[in-house]
Amino acid sequence: MLPAFALIQPNYSDKINHIRALAACGIFAFHYEHFIAHAFFTPLKSSNLLELLAYHGYFCVYLFFVLSGFLLAKAYSDQLDLKTFFTRRIGRIFPAYYLCIAVYCLLFTTSMPDPEIMLAIFSYNLGVYPGPIGHLWFINRLLECYVSFPLLWWIVQKTGRAGLTVIYLLCLSGGAYWVLHFKVTLPDYYFSLVLCLSHFILGILAAYQSGESKHKLYVIIAVLVFIMLLEWFHQKTWQTPLAYARLSVLWLNFIAVLFVVLIRAYSFLPVYLPWFMSLLMRKLGKISYSFYLYHFLVIRFFIQHRDLLSAYNALNFVGLFLISIIVAVFFQQLLLLFSRGILYIKQRVIL
């Protein structure tokens, strides 16, 4: 076994899991900041970059959309079998999703839950989710992006990147028109399919990009611009960046561009990390979907039982983070055992 701080060069698969882990950590930090540490979006008068990243960590959810588009385009660059594609997506999303719903019903409901909650995943209206599982809106939008992927893939096969670029620009312009003409607020735009789909498409475009890129230069420029915008936007409002301003459209779409730059750079440039850090990030990346499902239930549980929290914010953060990981691992392993049991029964029936 290598020393904990020995530097290693992660492979491509490990790097992808590192990115998933980064997104999961950002989302957890955001939810902890606004539901445990402070009241929801209490104005934060600070210019500390780490505090601002936690305060505005909501944008980490878009990293999952960009990364999903990127990985699907890489996996299905030449051929796409619809049956296999949807079987894998359904097998990954639905069992874990409904197990999370069952856990919610056991922990947070005292009466028979509304039967409509079982169909919430198919709803375009995200308001169908009760507060403790409001974070599951992400699953709806991701599922809608998956459903659109075969059409997007077909467009790429017939027209190349040009056709998909047109679709991306239509999403951007359509979203901008919707926000400006109907005076849509940032929260509505944040949850919208048009924004999530545009990020998903941008990830697909990034996967099809060929040729050498100046990854290091692009990363430096993108990160510097991001930091300057984040600092400026926050100081202008002490709230969600330009929450009700038109520039919020540009802000949320620039974030997707930043993620594309970071994904490509981290995936293709040589990177050296301490062995132990790489291992932890890889493990968290592998359970990132389960972690996303259950971390908010953990946070909601401690909202209702604040007497179980300590007086130290850092201790609470680490404790809830570790509990979320343990819960995510437990239910992921439970699903694995269940699926193996079903497979065993099928084999016995066939024999």
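Glycine residues also receive a Cβ, built from the backbone N, Cα and C atoms like all the rest.
Over in TrEMBL, the protein carries these features:
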type     : residues : note
DOMAIN   : 15-331   : domain 'Acyltransferase 3'
TRANSMEM : 21-41    : transmembrane segment
TRANSMEM : 53-73    : transmembrane segment
TRANSMEM : 94-113   : transmembrane segment
TRANSMEM : 162-183  : transmembrane segment
TRANSMEM : 189-208  : transmembrane segment
TRANSMEM : 217-234  : transmembrane segment
TRANSMEM : 254-275  : transmembrane segment
TRANSMEM : 287-303  : transmembrane segment
TRANSMEM : 315-338  : transmembrane segment
Limited to the domain 'Acyltransferase 3' (15-331), I'd like the whole-number average of pLDDT.
89
With Cβ distances under 8 Å as the criterion, find the stretch in 21-41, 162-183, 189-208, 254-275, 287-303 that has the most pairs with the transmembrane segment (217-234).
254-275
Recorded stretch that, among 53-73, 94-113, 189-208, 254-275, 287-303, has the most CB pairs under 8 Å to the transmembrane segment (21-41):
53-73
Ranking 53-73, 94-113, 254-275, 287-303 by the number of C-beta pairs under 8 Å to the transmembrane segment (189-208), which range is first?
53-73
